[in-house]
Structure formats: C-alpha cells, structure tokens
Amino acid sequence: MSELTELPAWQALWDHFAEAKHLHMRDLFAADPGRAERYSLEVGGLFLDYSKNRITDATLLGLMELAREAGLPARIKAMFKGEKINRTENRAVLHVALRNRTNSPIRVDGEDVMPKVNSVLERMGKFAHAVRSGDWLGFTNQPITDIVNIGIGGSDLGPLMVCSALKPFGHPRLNMHFVSNVDGAQLKETLKKVHPETTLFVVESKTFTTQETLTNALTAREWFLSHARDEGAVAKHFVAVSTNQKAVAEFGIDPANMFEFWNWVGGRYSLWSAIGLPIMLYLGEENFTELLNGAHIMDQHFMNAPFEQNMPVLLAMIGVWYINYYGGGSHVIAPYDQYLHRLPAFIQQLDMESNGKQVTLSGQPVDFETAPIIWGETGINGQHAFFQLLHQGTHISPIDLIASLGNRASLPGHHEILLANVFAQAEAFMRGKTADEVRAELAEQGLSGEEMEALVPHKVFGGNRPTNTLLMSRLDPRNLGSLIALYEHKIFVQGVIWHINSFDQWGVELGKQLAKTIHAELTGKLEQAEHDSSTRRLIQLYRKANG
C-alpha cells in the first residue's frame, strides 16, 4: 500500500467503481436531459464538454475528494509561490511566472524573478522588431527571409507546434524551419531551401553542450562560413538561447544576442520563455504577448476556480478515473485543425516526460498506473486510420476532440464538414449502435435471415467510449495559450495525485550515457567496451558495413 492507495477517497472510488463500471452513457443521457449543460464549462475562449464520459455526480464527488485528500490545494499554491516542488533537482517550477501578466512578485530564494522575466521579454521584443522590420541585415546587407531553429525536445516541439498552429498570424516575409534530428537529413534538406545571405539561425540549448543541437549548429556554421568566408559574419546570422555565455561566445555568437532563461524553467514548459524567440520572430511581439495572456487566463482560473468548476482539475481527475480504475493505458489527442497537426506530439512530450515515472516523491515504487501513452493525429486523418480501433477495439482510450468554432483560414464549405465530423464522432463514440439498430438498417437494405445475422456482430458498435470535446471560439494566440496551459495544469494535477515528480526526466539520461561510449566505438576512438552480445553484434555490423 502506498500513500495514495491508503487514502479513504481512493478506496471509496473503488467501491463506487464496482457499480459504475456497468453504466452506459447512452442510459445516463436518457435519464438526465440536463447532463450536457451540467457537465460543461467555459474559460476565456475555450469550451469543454465532458458529458460524454463514464461519470456520474457520485463519480465527480469522489474524484474531487481524492484531489483534496492528495493535497492538491496546497501543491497548487506551492507551485505558484515559487517553492522548490521539483525535489530531485531542488528547483522551483515557474513557467507560470513567464506569463504572469499581473507582474505581481514571484520569489525564488527570496528574489523576485519578474524583473528578469520582463527584461528578457523586452530584449526579445526589440530583436524581433529589428528582424521583422528589415532593420536587421545579413552580411550582404539584405533582410532576413528564413529562420532556422536548431534545438531538440522542448527547444523544438513547443516553438514548432505554436508556429505551425498560428501560421496565418506569421510574418509574410519570414519562412520558419525547425531542425532537431541529428541524422543529418533534416538539416541537409533544410539548407537546400535557404540562402546564407538571408538566413538567421536560432540555436537553443540551455547548456550549449547538448550533443544533437551542437552537432547540427556546428554543421550549419560550417555551411554558412563556406559562403560568407568571414568569421565575423556569424554574429549577424546566429543567435542563441542559452545560459552558457562562454560557450556561446566561443561559437562566434555575440553575447549581446544571447537570450537567457533559468533553471526553474523546464524544457517542455519553456515556450513561454526565451525558447519562444522563434515564435516571437514569426508572430511578432503583440501576438506573443497574446499567447502569454491566454496562458495567464488559464493560470488564474486554475488557481482560483473551485475544483468542481476547474477545467484542468476536471480533465485530470477524469483521466485518473480511466487510468487507475478502468485500466486505460492510452489517451488520444485528435485536433480537427490542420494547423494543430503538431499538437499531439507536443502533448505527448509534455505528458509522458512529466508523468512517466515509476517511483513516488519519497522514492518508493508506485503500486498503480501513472502516465498513459499519449498519441494522436489530426482528427479527419485519424478517422481513416486508427478510429476503427477506438470504436470497435478492445482498449479503453479516452479521446480529446479539439476544434475551433470559427475558422477564418478555411475554404467555403469546408469548416462545416469538419465540425460535422467532430460532433458526429463524439456522438458515435458515446451512443454506439445496437444489434437491433443494425438489423433495422440491414433490413432497409433488403437483407434478412442468415445473411443478416452473419453481418450483425460485425456492424455493432458498443459505444460507451469516452471523449472530451474542446472547442475554441477560434484558433488564435490567446486561445492557443489557454489550451496549452490547460494541458500543463492537467498534467501537474495528475502528478500530484500520483505523488510523483512531474518536473524531472531522469529516464532520458541512461541512453545518452551509453550513446557516448558507443559513439567512441563507432568512430574508432575506443576499440571495445563491455556490452551484451546483441549490442556487440550491432556495432560489428556497422563496422563491417563502413569498412
């Protein structure tokens, strides 16, 4: 038994589950005409319908009691106050300070961090204006037309997702490119599209030692210098987001063009910081500020709304209901908007790197499930790929259906078809189709007898598949900021319930350590390290293939 599983609310929910697991949402809707109105809420430009979940008032009552018994109120306050809730690294967790639009003091070790936050935002704004206005010129006195962001993980996924999502708001002269993969192909193909005279490289690495990022950055630098043939020109075409001024200067980047962030900003929560420089360059300072404003709206709601009307808390606790009671090991993100095509990958890192943990804060092994596998694709594409499994497969995979009510970028007639599919899928997942309904349908098609009965089981949909429908008034910087912050806080809440640290990522370290040794073997700097027979054979195959 762990701290969590000993809580009275945890045990009470198991008693409730014994009855609730037999309920069907179709019956719940039939018995309660007001269900949709009661199980929905709006925050800023976001509307959440969570009525199509396997929940009742008793379920929600039990889940909110579990949140309180797990200490969620105190943990929310601790995060916003700047307490060092990342215990394994002894750090505060203050991505919320980066969008603290009230500018009220937030202290770390007694120091108000807001002056530094505002100073970096001001520098970012001035630089973005210079690039966007054409005042910032390359080594041949031409304005910048292409921006190549070089980073990985949180230094790539966040800026890439936001720039893709808000493309209609981007500067018409600027083309955005993102390079993260160290395989060489991504950088090679990117460099084919850009010109050294008009390209700005943004190198994003907190330590400026990340192997993948530095490998790509050095290769980009070599490519640039092969054309510019002047080391001094690097300063006009490379800027850095880092904390390592010495390494940045050695690279050839003017320290005046290094934008700082801090150890209380986790990588996957960093797009609000200087890591968001590519976003500001592309969208402009005003739109970046709107992104922050949207996140701040959700922050204030999360801090102040009662749990029963708190959007992040509701999503988190309903998620706990499926993960820990129904055994639902995956969760689907299905945005019905092509501009949001990178959102599933972004949420995947945000959730799985945060809560994919096997021990509690006290270091004890968990005796319950933690983070689900997050996956997904744009909704329409998903319907023709994996929705078959979601409708008739054997897994319980809750689905977030995300769309915008207004879409200024859509072509005439397209948006209505899109939204019809969103609403239809939510209804289909909930209702399903009974055997009698299938028989009636087949009878209308002229089938009967054995021929009909042979088809019936294949065309039955069990329904009772949970969905959340998240609708934005429109996809714009403010609403996207709120949406991202919603998921950040949902993930935080689940981490609190499970008594785990959502803000470290030790699981990524072992592979990095082993890769250094194996790299030395592949490049001939080390003859043979100790490995298992499989790894040794793989190394031998590489050596044989490469002479």
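Glycine too: its Cβ is placed from the backbone N, Cα and C atoms.
As recorded in Swiss-Prot, the features of this protein are as follows:
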type	residues	note
ACT_SITE	E353	active site, proton donor
ACT_SITE	H384	active site
ACT_SITE	K512	active site
Ask   = Can you tell me how far the Cα of H384 (active site) sits from the Cα of E353 (active site, proton donor), in Å?
value = 29
Query = Pick from E353, H384, K512: which of these active-site residues has the biggest number of other Cβ atoms within 10 Å of its Cβ?
reply = E353
Remark   = For K512 (active site) and the residue listed as 'active site, proton donor', the CA-to-CA distance in whole Å is 15
